[in-house]
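S.K.: I am attaching a structure below and will ask some questions about it afterwards.
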Amino acid sequence: MVKICCIGAGYVGGPTMAVIALKCPAVEVVVVDISVARITAWNSEQLPIYEPGLDDVVKQCRGRNLFFSTDIEKHIARADIIFVSVNTPTKTRGLGAGKAADLTYWENAARMIADVAKADKIVVEKSTVPVKTAEAIEKILIHNSRGVNFQILSNPEFLAEGTAIKDLFNPDRVLIGGRETPEGKKAVQALKQVYANWVPEDRIITTNLWSAELSKLAANAFLAQRISSVNAISALCEATGADVAEVAYAIGKDTRVGPRFLSASVGFGGSCFQKDILNLVYICECHGLPEVANYWKDVIKINDYQKSRFVNRVVSSMFNTVSEKKIAVLGFAFKKDTGDTRETPAIDVCKGLLGDKAKVCIYDPQVTEEQIQRDLALNKFDWDHPVHLQPMSATEVKPVAVTRDAYEATKGAHGVCILTEWDEFKKLDYVRIYESMQKPAFMFDGRNVVDPQKMREIGFIVYSIGKPLDSWLVDRPAVV
C-alpha cells in the first residue's frame, strides 16, 4: 500500500489529500500539522475550512484511508511520498521584505524530513514557492540525508476557492516537475500513477522542476492581470458613461480573449494573487529584469487603486464625510462560497472607512466575528504566519460591529457596501432595507450583485463598479 504524508492541513493540503484518498482507496493518506486545534477540527464534525463538497469527501474517507494527526515524525518516517504544503508567506522584514517569499516553514519541514527519514522518499512541493526552491530544499536534504535518497518534485496546485473540490475532481491539468535524471523520471512516474487513478493521462503534464515552479507564479499573475485590466477599464467606463459589463461581454466574445476573469469588482483578494505577483517581482529584480518587475508591479498598483477609488467614492458621495455614519458592509470573504479572508478587499475598504471615522457594521454568512476583528487588527502580510507568531492587537477595543443578519447590519445605516458576491445578497428584500435606513440611502455595489436601476426605483442612490454614474455621483467626483 502506497503511503502518502502531507505536511500542512490548510486550504491546499486538506482538500487535496481528501480527494486523493477518495479517488485512490489503495493509498493511505495522512495529513499532519503542528496545530492541535486544526487537526482536532479535521477530526470533528466542524471542519476548519469551508469549501462546498469538502465535508462529504472527508466523511467518506476519514478513518478508512484518510487520517489527520499531530504525530508528524511518525508519519514522515512511514511515508513513501511526502507532500509539503506549508505556508510560504511574504517576508515582513529583512532582505526582500514586502516581496520575497519567507521559506522558513519550508526549510523547517525539509530538515525534519531529513532527520527522521530512514528510507528513500519522494518529496513533493505543493506550496507556492519561488523558482529554484527545489534546488535549495534538495541541498538541505542531501547534506542531511545519512544515506537516504530523496527525489524532489514540484506539483503546484491550481485550485480556486469555492470550487476546489470540483477542480480536484476534474482538473484542467495536473503539473508535475522533476529532475531529468533516471531517478527523477521514476519519481515523476510514481506521482503520476497516483493522479492517473482519476485524471486522464493527457491532462497530466510533466516538465522540469523550474518550469513547474514558474508556471504556478505565472498562472496566478496572468489571472490577476485580467482582473486588474478590467478594473482599469471600469474606471474609464464610469468616466465616459460606458457599462463595463457590456464592454467585458464584447471583449470576452473574442475567442482569443475568452470570457473568464473579466468581472469588474472592488479588487482581487485571496492568498495567492498578490503574494505570487510580489514573489515574481522579486525574482525579476534579483535576475536584473527591472522592466519585467515593473510590469507586474502595476497589476498590484491597479488593484490597490481600485480599492482606494471605491472608498473615496463612498466618502465623496456622502457629503465628503462618513464620520459617525453607520456603513453596512455585506460580505467580508474575498469571494463567495468560502470563509477565506486572506487579502480580501474588504479589509482595505473597511480600514479606509474607519480612517474617516465611520461606524462599520459587517455581515458575512461564513466569516466569524473573531476572524473579522483579527483581520482588521493585523498588519499587512501577518495573516500568513502561524497564529502563535502573529502580533496581537494592542487594544481590546473592537473597531467594527459584526452581526449574523444582513437586515440587522443595514438597519439605521446611511450606506450599504456589497463587497462579496454571495448569492443570498441577490435575494435580499431591498425595499425593507431601504425603509430601515437613513435618508438619503446609498448603495455601493463593489461586485455588481444588484440591478442598479431596480435599486434606484426603490429610492437608493446607487454606485456600481464600472456602470454609468448616478446623477448624484457625477456632481461629487471621487479623487484618488
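Glycine is no exception: its Cβ is also placed from the backbone N, Cα and C atoms.
Residues or ranges marked as NAD(+) binding site in TrEMBL: 8-13, Asp33, Arg38, 86-90, 127-128, Glu161, 272-275, Arg342. The annotation active site, nucleophile is assigned in TrEMBL to Cys272. Annotated domain 'UDP-glucose/GDP-mannose dehydrogenase C-terminal' per TrEMBL: 328-452, in sequence order.
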S.K.: DSSP on the domain 'UDP-glucose/GDP-mannose dehydrogenase C-terminal' (328-452): how many residues come out helix, how many strand, how many coil?
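M.R.: Secondary-structure composition of the domain 'UDP-glucose/GDP-mannose dehydrogenase C-terminal' (328-452): 43 helix, 18 strand, 64 coil.
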S.K.: On the 0 to 100 scale, where does the mean pLDDT of the domain 'UDP-glucose/GDP-mannose dehydrogenase C-terminal' (328-452) fall?
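M.R.: The answer is 89, the mean pLDDT of the model over that range.
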S.K.: What whole-number Å value do you get for the CA-CA distance of Asn87 (NAD(+) binding site) and the residue listed as 'active site, nucleophile'?
M.R.: 11
S.K.: Going along the chain, which residues six or more apart from Glu161 (NAD(+) binding site) have their CB under 8 A from its CB?
M.R.: Tyr11, Glu51, Gly270, Phe334, Lys335, Asp337, Thr338, Asp340
S.K.: Taking the Cα atoms as reference points, how far is Gly8 (NAD(+) binding site) from Cys272 (active site, nucleophile) in Å?
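M.R.: Gly8 (NAD(+) binding site) to Cys272 (active site, nucleophile), Cα-Cα distance: 16 Å.
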S.K.: Return the residues near Asp33 (NAD(+) binding site) by Cβ distance under 8 Å, restricted to its own chain and a separation of at least 6 in sequence.
M.R.: Ile7, Gly8, Ala9, Gly10, Gly13, Ile39, Phe68, Thr70, Ile72
